[in-house]
Amino acid sequence: MDYVYAPGKNHLFVPGPVNIPEPVLRAMNRNNEDYRSPAVPALTKTLLEDVKKIFKSTTGTTFLIPTTGTGAWESALTNTLSPGDRIVSFLIGQFSLLWIDQQQRLNFNVDVVESDWGQGANLDVLESKLATDGGHTIKAICIVHNETATGVTNDLSKVRFLLDKYKHPALLLVDGVSSICALDFRMDEWGVDVALTGSQKALSLPTGLGIICASPKALEASKTSKSVKVFFDWKDYLKFYNLGTYWPYTPSIQLLYGLRAALDLLFEEGLDNVIARHSRLGKATRLAVEAWGLKNCTQKEEWFSDTVTAVLVPSYIDSAEIVRRAWKRYNLSLGLGLNKVAGKVFRIGHLGNLNELQLLGCLAGVEMVLKDVGYPVKLGSGVAAASAYLQNNIPLIPSRI
């Protein structure tokens with residue numbers, strides 16, 4: 001943005017990377033340190049324990065890997081499975097598609113369950129596959145909790161219910177990149193074996209940390225996994241955990257301090273309050289979309305996401321032009337439609353360190369853009385609908401009561 005100056009702040013409303021709060025920026029504004037000194041292992045130890053709280057796990061083992069969500073995907077797969085293992089994986093949008101592509105390129109036997117983009121995972125098909133898999137050939141279920149391309153959230157408790165119903169031992173691997181720290185996520189309660197997220201999403205950090213939590217069952221599976229892995233090998237991490245130095249290679253010191261600050265902010269607000277805030281932001285955005293006379297890409301209310309809303313536009317409008325115009329005229333960054341929904345939807349991200357008034361500014365900007373591209377929106381209609389809801393539902397800020 002320094003090379004394309006605009007006055008004021010860029011209004012960043014893509015579904016990741018997200019706004020970074022000032023305390024996190026200040027925490028990262030520091031020099032390098034010797035990661036073998038006593039200070040960094042002491043910091044890392046507290047991070048590994050505290051980060052379990054965002055997964056709602058007490059039994060998991062966490063890994064902070066200098067990578068993106070894509071690297072965290074690979075780490076989850078290669079540490080728990082072997083080439084040729086059968087995976088049931090749900091294709092519901094661009095990011096589940098990319099994870100499936102990775103699974104196939106890693107030589108797993110991927111049983112793809114595909115749904116229309118805008119629908120959630122087809123759990124009826126999963127139940128049929130589990131019911132007929134008496135030999136337990138399915139080794140893992142891979143599911144994206146929140147599909148960022150279409151704004152669809154899957155119900156993980158229903159997946160666990162089916163696995164328990166058929167007493168099936170398959171591992172449950174979950175992409176929580178755009179859900180963890182924003183949506184309700186209960187790793188231990190739902191029997192998730194590997195959950196992962198990325199630092200640039202609801203944690204509100206720069207990109208660069210893949211954060212993984214592995215259940216005891218997943219760690220046991222890692223002992224017999226025959227997949228090739230080097231950089232992502234959990235055994236290397238566990239070795240250095242036992243030594244008390246924690247790092248098999250050089251970490252990003254700045255990101256570790258940023259993570260400490262980000263977790264402190266989340267815990268100060270309270271994780272349940274964070275989830276409730278995202279629920280308000282999601283509901284307000286959907287009310288605005290409805291007031292504009294537009295439709296949500298997500299086809300059923302049960303799948304609505306509280307971190308991203310994908311908005312369908314009329315056929316005579318190219319949604320990419322909405323995104324371009326927003327950035328060029330209003331310094332507003334919205335998400336493009338991807339792959340099958342390219343040109344058909346634009347996405348409003350509402351996750352991370354974000355409050356209600358910031359969201360209302362975004363919605364006002366979207367209304368002006370819609371007017372620019374020829375859509376007959378009534379200016380103020382969406383903002384009014386969102387404001388009316390928020391005014392009745394925003395609680396007092398706990399620290400200011």
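Glycine too: its Cβ is placed from the backbone N, Cα and C atoms.
The shown structure was predicted, so the numbers you read here are calculated from the model rather than taken from an experiment.
Taken from TrEMBL as is:
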- R347: substrate binding site (BINDING)
- 49-291: domain 'Aminotransferase class V' (DOMAIN)
- K201: N6-(pyridoxal phosphate)lysine (MOD_RES)
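A gap of 15 Å separates the Cα atoms of the residue listed as 'N6-(pyridoxal phosphate)lysine' and R347 (substrate binding site). When pLDDT values are averaged over the domain 'Aminotransferase class V' (49-291), the model yields 98. Neighbours of K201 (N6-(pyridoxal phosphate)lysine), defined as other CB atoms within 10 A of its CB across all chains, total 28. Taking the Cβ of the residue listed as 'substrate binding site' as reference, residues of its chain lying under 8 Å away and at least six apart in sequence are, in sequence order, V14, P15, T148, A149, G151, V308, T309, A310, V311, L334, G335, L336, G337.
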